Amino acid sequence: MTLPLPQVIPCVDIQSGRAVRLYEGDPDRETVYFDSPRAAARHWVTLGAGFLHLVDLDAATGRGENRAVIAEIVRELGVPVEVGGGVRDRAAAQSLLTAGVARVVIGTAAVRNPELVAELIAEYGPERVVVSLDARGLEVATHGWAAGSGVSVADLTPRLAEAGLRTLIFTDVTRDGTLRGLDRDLMRQVRGLWHGELIVGGGVADTNDVRLLAEEGIEGAIVGRAIYEGTLPYPVRL
């Protein structure tokens, strides 16, 4: 039986106005792939991407923000994008959604204030609100991955389901940007904890990882370094 191909979503991480990739989420260990995030986004759309994942790393770490660049990408490229990084309150989420972003990605705020997720879903609908749980093992990391939260994925997922969340992003921060490949056991655990749409980030290295996701019934992956450096050819074909 042929398994459905998981959706592979190109990621554009934006730091100091450039498209970069971080090693294990460390803002001081960056690789610059494009001097212009707009050029990076345009590159993936030209290759056939129908959806993009943008992360404002400066907003996530409190070092600034890149909202103007993100707004330009949304206006110019004509494909839906989701945006995360520093979306910690209602005003930040509303600003992005009213600017034309297809959906916002809530990270730290979903851990600290799950009610915010429910409020945004009630106002904008579950198709426009996504939660990203960035974790070391099954402990959620917060504030640009710099801190452990003491909250487990197992504790949080039932509350998110109750809030009406449909789509969850899970990132293994210990593998993000490393090309080490996915941890199958961890992926299986998370799949068992979340019964809605599950998108995985962090560690996808090649087609073997895409097959792993298909085998575990995971709907998609956000991929950065592997497609920028060519270890996973894009568009992906198995």
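Along the chain as shown, residues are numbered 1 onward.
Just so it is clear, glycine is given a Cβ too, placed from its N, Cα and C backbone atoms.
As recorded in Swiss-Prot:
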- D13: active site, proton acceptor (ACT_SITE)
- D134: active site, proton donor (ACT_SITE)
Cβ packing number for D13 (active site, proton acceptor), 10 Å threshold: 28
DSSP three-state assignment for D134 (active site, proton donor): strand
Cα-Cα distance linking D13 (active site, proton acceptor) and the residue listed as 'active site, proton donor', given in Å to the nearest integer: 15
